[in-house]
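Q: Here it is: the structure, laid out below.
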Amino acid sequence: MNENKGNFANKKMIKRAIKDSFIKLSPKTQMENPVMFLVYISSILTTILYAVSLVGIRDSKSSFILGITIILWLTVLFANFAEAIAEGRGKAQADSLRAAKKDVEAHKIPSIEKRDEITKVSSALLKKGDIVIVVAGEQVPADGEVIDGAASVDESAITGESAPVIRESGGDRSAVTGGTTVISDWLIIEVTSEAGESFLDKMISMVEGAARKKTPNEIALQILLISLTIIFLLVTVSLYSYSIFSANQAGVVNPISVTSLVALLVCLAPTTIGALLSSIGIAGMSRLNQANVLAMSGRAIEAAGDVDILMLDKTGTITLGNREACEFIPVNGVNENELADAAQLSSLADETPEGRSIVVLAKEKFGIRGRNIRESNMEFIPFTAKTRMSGVNYNNSEIRKGAAETVKDYVISRGGCYSKECDEVVARISNKGGTPLVVAKDNKVLGVVYLKDIIKQGVQEKFADLRKMGIKTIMITGDNPLTAAAIAAEAGVDDFLAEATPEGKLEMIRDFQIKGHLVAMTGDGTNDAPALAQADVAVAMNTGTQAAKEAGNMVDLDSSPTKLIDIVRIGKQLLMTRGSLTTFSIANDLAKYFAIIPALFIGLYPGLSALNIMNLHSAESAIFSAIIYNALIIVALIPLALKGVKYREVSAGKLLSRNLLVYGLGGIIVPFIAIKVIDVLITAIGIV
């Protein structure tokens with residue numbers, strides 16, 4: 001997916017784009033862009049005028065008509081090239097994805113219980129609801145949910161990430177994608193998509209642009225451009241009638257030529273943005289694909305640019321995801337060494353990052369070495385969501401660690417006493433944003449292990465930048481309100497939702513939307529699906545469940561919760577690029593007006609020579625210079641349209657002021673200079 005990341009275009013893309021530029025000259029394709037269709041019709045008209053001029057019927061010199069005709073056709077081809085080069089980047093990505101999509105032999109079984117009754121079928125014949133078994137070394141034949149087994153899966157063909165991932169039944173890591181490869185163990189998979197409707201098929205369709213529809217903003221802008229074009233068309237037609245009348249009144253033989261008026265129309269129409277509008281949208285989706293995010297629609301990318309509420313999961317986005325033991329706090333006169341020893345014993349079989357960190361801290365702080373967990377007199381008690389405790393029975397003693405309330409009930413039920421000192425330590429740790437794990441031995445509380453969430457480096461600066469952009473950040477966590485408040489304050493988020501439930505997230509999103517906000521969020525579990533379906537920008541993790549992917553309007557192939565911030569940047573960059581180039585295109589008209597209008601009417605009204613502020617050589621050179629600039633500026637702006645305007649984390653007001661200065665004022669100054677330079681060059685080499 002990201003093999004071409006950072007490249008504008010390679011030789012293969014450019015060759016294919018040049019070829020596609022000519023293929024796109026068909027009337028059906030040209031009609032999809034009304035502004036450029038006008039240039040296309042104008043090119044055909046001047047071609048006819050040139051052919052007629054060869055037999056002596058002309059209102060301008062044949063060489064002048066030929067020159068205008070060539071430049072108009074080049075303008076159409078340049079617009080086609082801009083769109084083709086943007087599509088080419090998507091096609092290159094689609095080619096690599098298509099290589100991963102091949103027909104393989106699937107091992108179909110009737111059910112989990114009858115896994116030995118294997119029928120070999122083509123993956124293309126699999127239907128939704130079929131059950132297949134895939135063993136190490138085999139390719140997953142279709143999208144599905146793991147209903148039994150656990151295995152390492154190589155998803156590099158889809159995500160570009162070489163490190164294998166774990167896929168297993170149950171939980172939020174059960175979704176598998178057709179085209180990936182099982183590299184260890186085995187999986188039994190229930191197919192969740194029909195042939196031709198797989199995740200890979202959707203990816204290929206999206207990156208190729210086949211499934212791309214114009215967004216509401218694109219449609220609105222295109223309506224504006226069409227309206228301006230119609231106005232300029234009416235003005236141009238009126239000018240022809242007016243020039244005939246003026247020529248008769250002034251006793252001049254020839255009115256303004258049709259070729260000159262066609263050149264005027266093309267120069268005044270918003271051809272620059274008209275030529276680049278489609279490529280800007282395609283390039284925006286391509287940049288998202290290069291970030292390993294699949295957008296289900298262009299509308300989702302635009303919505304990302306308008307988002308003003310970001311709902312971010314604490315784990316993995318704001319914190320590193322693994323809490324670490326940082327301190328042993330004994331109570332009731334217990335020695336810290338005794339607490340550390342008991343905490344380590346209870347964690348020897350605990351494979352969670354938190355459990356391993358307790359073992360490491362005890363070793364580093366007190367030199368306590370891990371013991372052999374296979375000793376016959378050790379019975380480990382695993383953590384469950386119901387008991388909220390784990391521990392070990394060892395040498396006629398019971399050691400438990402877990403949530404404060406759970407351990408409190410455990411100690412009291414055994415006739416022990418839970419001290420106020422322990423409550424105070426628990427409250428103090430919670431107020432600091434940590435997680436307290438209370439450790440007890442038999443009916444006595446030994447103390448508390450302080451687990452600390454490690455805030456990711458640089459997140460404070462990121463949230464400060466988002467605040468400058470007018471975006472409010474909300475941390476979503478299952479922690480209690482005290483812990484959540486402390487972490488939120490340290491990370492610098494604007495608000496938080498503690499003890500979050502699926503219903504709570506959904507309600508919060510609806511409340512913000514009722515107030516007129518656009519909300520973005522990430523999710524990976526089935527319980528996230530309702531909130532994802534409600535959010536304006538919903539990024540589902542690729543490692544998540546099928547329900548989450550179907551509810552979201554984007555899928556992050558890297559399954560990185562922090563990607564949401566990058567998605568917002570890409571969305572804003574897309575909107576900025578479109579707005580900036582629209583401003584530049586319309587501002588260009590002022591300079592072209594001063595180049596062409598005096599040149600057209602100077603024969604009828606010599607006094608208009610005062611408007612020739614660029615001191616252009618002649619009427620013909622003025623028209624040529626303007627029409628050449630009109631074509632070349634499209635080519636010059638293609639890299640900007642594809643890469644996007646550079647985005648800065650500042651307020652919308654400052655961005656608007658800056659872009660008006662750069663692209664508004666620049667759109668006036670640049671053509672004045674460029675048209676004058678072109679005029680000098682074509683005069684010097686004798687074109688006119």
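The backbone N, Cα and C atoms fix where each Cβ goes, glycine too.
Sharing the feature lines straight out of Swiss-Prot:
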TRANSMEM  37-57  transmembrane segment
TRANSMEM  65-85  transmembrane segment
TRANSMEM  219-239  transmembrane segment
TRANSMEM  262-282  transmembrane segment
ACT_SITE  Asp313  active site, 4-aspartylphosphate intermediate
BINDING   Asp350, Glu354, Phe383, Thr384, Ala385, Lys386, Thr387, Arg388, Met389, Ser390, Lys401  ATP binding site
BINDING   Asp524, Asp528  Mg(2+) binding site
TRANSMEM  594-614  transmembrane segment
TRANSMEM  622-642  transmembrane segment
TRANSMEM  668-688  transmembrane segment
Q: Please report how many Å separate the Cα atom of Met389 (ATP binding site) from that of Asp313 (active site, 4-aspartylphosphate intermediate), as a whole number.
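A: Spelling it out, the Cα of Met389 (ATP binding site) and the Cα of Asp313 (active site, 4-aspartylphosphate intermediate) are 24 Å apart.
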Q: Of the stretches 219-239, 262-282, 594-614, 622-642, 668-688, which racks up the most C-beta pairs under 8 Å with the transmembrane segment (65-85)?
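A: Ranking 219-239, 262-282, 594-614, 622-642, 668-688 by Cβ pairs under 8 Å to the transmembrane segment (65-85) puts 622-642 first.
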Q: Through the lens of DSSP with three states only, how would you label Asp524 (Mg(2+) binding site)?
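A: DSSP call for Asp524 (Mg(2+) binding site): coil, neither helix nor strand.
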Q: Would the transmembrane segment (262-282) and the transmembrane segment (37-57) count as touching if the test is at least 3 Cβ pairs under 8 Å, pairs 6 or more apart?
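A: They are in contact.
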Q: Same-chain residues six or more away whose CB lies under 8 A from the CB of Thr387 (ATP binding site)?
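A: Sequence-distant Cβ neighbours: Gly402, Thr406.
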Q: Hey, which of 37-57, 219-239, 594-614, 668-688 has the most Cβ-Cβ pairs under 8 Å against the transmembrane segment (622-642)?
A: 668-688
Q: Can you tell me which parts of the same chain pack against the transmembrane segment (219-239), counting only residues 6+ beyond its ends and a CB-CB cutoff under 8 A?
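A: For the transmembrane segment (219-239), the list is 34-35, 38, 256, 261-262, 264-265, 268-270, 273-274, 277, 578, 582, 586, 600.
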Q: Going by C-alpha distance, which of the recorded positions Asp313, Asp350, Phe383, Lys401 is nearest to Asp524 (Mg(2+) binding site)?
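A: For Asp524 (Mg(2+) binding site), the spatially nearest of the recorded positions is Asp313.
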Q: Ten-angstrom check, please: count other Cβ atoms within 10 Å of the Cβ of Asp350 (ATP binding site), all chains counted.
A: 21
Q: Relative to the Cβ of Asp313 (active site, 4-aspartylphosphate intermediate), which residues of the same chain, six or more apart in sequence, are found under 8 Å away?
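A: Result: Met475, Ile476, Thr477, Thr522, Gly523, Pro561.
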Q: What is the interatomic distance between the Cα atoms of Phe383 (ATP binding site) and Asp528 (Mg(2+) binding site), given in whole Å?
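A: Phe383 (ATP binding site) and Asp528 (Mg(2+) binding site) have their Cα atoms 24 Å apart.
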Q: Can you grab the distance from Lys401 (ATP binding site) over to Asp528 (Mg(2+) binding site)? Cα atoms, rounded to a whole Å.
A: 30
Q: Please report how many Å separate the Cα atom of Asp528 (Mg(2+) binding site) from that of Asp350 (ATP binding site), as a whole number.
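A: For Asp528 (Mg(2+) binding site) versus Asp350 (ATP binding site), the Cα atoms are 28 Å apart.
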